[in-house]
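Colleague: From TrEMBL, for reference:
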BINDING   A4, V5, H6, F7, G8, A9, G10, N11, I12, G13, R14, G15  NAD(+) binding site
DOMAIN    3-198  domain 'Mannitol dehydrogenase N-terminal'
DOMAIN    205-381  domain 'Mannitol dehydrogenase C-terminal'
Amino acid sequence: MKQAVHFGAGNIGRGFIGAILSKAGYQVTFVDVNKAVIDELNEKGSYTVQIASAEQASFVVENVSGIHSSSEHERLNETIAKASLITASVGPNILTHIAKDIAAGLAYAEEQSMLKELNVVACENMIQATDFLRGEIEGHLNDTIKERVLSKVGFPNSAVDRIVPIQHHDDLLTVQVEPFFEWVVEEPSWKGSIPNMEGVQFVEDLSPFIERKLLTVNTGHAAIAYIGLQEGYVTVDRAMENAAIKEKVEQVLSETSEFLVGKYELDPEQHKAYVNKIISRFENPYLSDELSRVGRSPLRKLSAKERLVYPARALMEQGREPNALIDTIAAALHFKNEEDQEAIALQAAIEEHGVKKAFADAADLPEDDVLVVAVVRKYAAAVR
Ligand SMILES: NC(=O)C1=CN([C@@H]2O[C@H](COP(=O)(O)OP(=O)(O)OC[C@H]3O[C@@H](n4cnc5c(N)ncnc54)[C@H](O)[C@@H]3O)[C@@H](O)[C@H]2O)C=CC1
Ligand SMILES: O=P(O)(O)OC[C@H]1O[C@](O)(CO)[C@@H](O)[C@@H]1O
């Protein structure tokens, strides 16, 4: 049986990537720091995925096991050495940490003369996430091993799309997901023959796919989260029942559409249909997705290459005034959550240095940048 190693046995790992890989005939070994989840995977060897729709369908994902990365280094090295695919959905900020584990496994495979053609794919909400991961892995390899690894291992970027909220089940492994899913992988960087995996699309150029997804699903979602929280909502579906919030989200997405259609010469009608589909996904009444989850890690979401600042700045460079994006960024600066380290750091920075410097630092922009000036002007109006 083909072996896949997936870092991150969390919501998207179990609810999407693990399910696709298992169905494609892989034995999937999840790697996680959460020992309770790993123990449960090893004990049960399967888990249930529930589809959040009127039909309430569910299916069982088989051939899964787990490795606790903090304590099972040798087992992890041996498993990586046998794998033909390594994937990850741990969160962009954690890629640096798992790079060390992946590098150790690849170096072990090389030393044991086991290194064969394989691929490493980061499945994160991040542009060029695999390129970033590859850079971090390379930093842990000596020159000789690095050369061998780069000749055998492919590092394709990918775009993943499926809404998987925080789970509330008695069973630790059961995961509820939305019906929609899309996993797009960069074909030119794939080493070896292109596999036929149901639910995975290989493309020549990933940029239009990842940008379309990040600047529609994730930008729209972020707008609902930050504006919805301002209005006292708790979940995405309930916030979308408010006509004013829905209208604001539509305005945000018409701004990102303007950018995307222009940059990638998309067919405006087809893109409009894509946007409408995404909006209907946000309204799914069978999915209870917390705004605090969708808005999590505000410093990452306010950074330069991310879902809010990147399109807003690009539009302003074209002489446009993306007012709905500016309102969303202003609302994001009010995001407070005592369980979110980035939210705490953001609010501390605002208190200590003022909103102008706090936002300029987060977005890596000068304090007199046009976007910073516009956001600061709106910030006072977006009181929570
Ligand atoms: N939830 C979703 O709908 C989607 C998530 N994603 C991407 O997946 C990422 C993860 O999202 P979720 O699954 O919702 O989060 P999650 O918190 O449910 O899962 C992340 C998992 O990574 C594990 N982890 C943390 N540090 C680790 C380490 N050093 N080694 C191994 N495992 C480690 C955590 O214990 C957790 O089980 C997101 O940041 C995003 O980039 C992408 C598309 C959809
Ligand atoms: O996972 P992130 O990047 O923190 O952002 C949350 C977003 O990711 C998703 O979980 C999946 O794309 C969306 O639900 C949401 O827009």
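For all residues, glycine too, the Cβ spot is worked out from N, Cα and C.
Keep in mind it's a predicted model, so treat the numbers as computed, not measured.
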Colleague: Quick one: average pLDDT across the domain 'Mannitol dehydrogenase C-terminal' (205-381), no decimals.
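Modeller: Per the prediction, mean pLDDT sits at 97 for the domain 'Mannitol dehydrogenase C-terminal' (205-381).
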Colleague: What is the number of other Cβ atoms found within 10 Å of the Cβ of G10 (NAD(+) binding site)?
Modeller: 19
Colleague: Per residue, counting other C-beta atoms within 10 angstroms of the C-beta, which of the binding-site residues A4, I12 reaches the highest number?
Modeller: A4
Colleague: Can you list which of the binding-site residues A4, H6, R14 have their Cβ under 6 Å from some atom of ligand 1?
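Modeller: Going through A4, H6, R14 in sequence order, none turns out to be close to ligand 1.
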Colleague: Within 10 Å of the Cβ of H6 (NAD(+) binding site), how many other Cβ atoms are there?
Modeller: 29
Colleague: Using DSSP and three states only, what is G10 (NAD(+) binding site)?
Modeller: coil
Colleague: Among all protein chains shown, how many Cβ atoms are found within 10 Å of the Cβ of G8 (NAD(+) binding site), not counting that one?
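Modeller: Neighbour count, Cβ to Cβ under the 10 Å cut-off: 24.
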Colleague: Looking only at Cβ atoms, how many others are within 10 Å of the one on R14 (NAD(+) binding site)?
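Modeller: A count of 29.
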